[in-house]
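Quick look at what Swiss-Prot lists:
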SIGNAL    1-23  signal peptide
DISULFID  85-99  disulfide bond
DISULFID  87-95  disulfide bond
SITE      105  site 'Endothelin-receptor binding site'
């Protein structure tokens, strides 16, 4: 339901922009605002897509967004991932389901208490 007001506001903004242009070509700044959704990107947001590497010398080297996986692999040592769960075996379906959802599950060895009837 929250998507509907956003779509209505976006459509209204587009209609107002088209009415203001009245057949004239759109200025580049208006086109950029429409493409960005009316929000400006800050320098921090623009820099978030870059990795700065000081490995080979004093000059920082910026790595583009497409190379981030390669740069991360090159800089990080190989290590085994830590197991998230302590499932006793593959037949414990509840534990395996939580592991699949990345929820930590710790099996505790408890003895089941017998059912007491009155």
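Along the chain as shown, the residues are counted starting at 1.
The backbone N, Cα and C atoms fix where each Cβ goes, glycine too.
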Between residue 87 (disulfide bond) and residue 99 (disulfide bond): CA-CA distance (Å): 9
Reduced DSSP assignment, residue 87 (disulfide bond): coil
